[in-house]
Amino acid sequence: MKGAYTNLRFFLAMTVMLAMAAALVQAQGTRVGFYARTCPRAESIVRSAVQSHFRSNPNIAPGLLRMHFHDCFVQGCDASILIDGPNTEKTAPPNRLLRGYEVIDDAKTQLEAACPGVVSCADILTLAARDSVFLTRGINWAVPTGRRDGRVSLASDTTILPGFRESIDSQKQKFAAFGLNTQDLVALVGGHTIGTSACQLFSYRLYNFTNGGPDPTISPAVVPQLQALCPQNGDGSRRIDLDTGSANRFDTSFFANLRNGRGILESDQKLWTDPSTRTFVQRFLGEKGSRPLNFNVEFARSMVKMSNIGVKTGTNGEIRRICSAIN
């Protein structure tokens, strides 16, 4: 009975989420099944490409998820992050360590062979992000499509992206500017349950952070482990799991690590130390006394919202034949 009740709750939550998604995206000009007639195999071609690359390199999953996030926050979800050239978004510091561009190129090549000039790079990236979550044992959700590609890509515009040292207030302001609330912020940052970070983005927390010691919000038990992985003046490019013990599985252990002082990025750990975001961490963990939230369901809902930031539809934008180049 308990299992049946849980399944019913999940079904009802998904039904509500999809209804909300339909209402949200109708005004945006995107819709589920946009390519049903013009390129019926579009989504399966993208998923096949992601699966193929994932089998040989699972690290592309978090890379594609981050890439989609970074794309949507700059100029909207228009694949401007994919454009090559000097001083484009791709060259900006927040994007230099992103992975997975070859997956998008592979999917685009296959789609151009099947349906020339039909499927946008923006939709490929959006679908690939969803598929990356699913392949890491997360939720599968219906993705509204119909985006068109942008033509503007400037490295200088990436300053809008939240930074790894950013305060919660600043993060909330940046998310709110795109219609995303505090719950959306916590859910989307929860995407760090998969993937890694370079030592150079957090090792400053381990040495001379305050009074010559490490960041006091890091559990003392984990400091020696992290110092061994990222020694002072060591290789800053070395990659460390963002979700210790579960970096390849999309689950709630990321939030449990924050509760236990094991957050890697300073901005991530602040989700626990700040009361306004801690309550959502507790709800995603289902802590006693909180009103539980299903992380997977809420993540999908927030992704649908984010994936419709500043989308170009109709006669706006273009359909790039090569994702890295403007037509």
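Yeah, the Cβs are placed from backbone N, Cα and C, and that goes for glycine too.
Bear in mind that TrEMBL entries carry predicted annotations, made automatically and left uncurated.
The record in TrEMBL pairs C199 in a disulfide bond with C230, which is drawn from C121, C230. As annotated in TrEMBL, C39 shares a disulfide bond with C115, one of the listed residues C115, C121, C323.
For C121, the disulfide partner named by TrEMBL among C72, C323 is C323.
For the pair C199 (disulfide bond) and D71 (Ca(2+) 1 binding site), the C-alpha distance works out to 24 angstrom. Sorting the disulfide-bonded residues C72, C199, C323 by the number of other Cβ atoms within 10 Å puts C72 first.
In space, V74 is the closest of the binding-site residues V74, T193, D243, D251 to C323 (disulfide bond), judged by Cα positions.
Excluding T193, D243, D251 themselves, the residues of that chain whose CB lies within 8 A of the CB mean position for the Ca(2+) 2 site are, in sequence, G190, H192, I194, S246, A247, R249, F250, T252, S253, F254, F255. A straight line from the CA of G76 (Ca(2+) 1 binding site) to the CA of C39 (disulfide bond) spans 24 Å.
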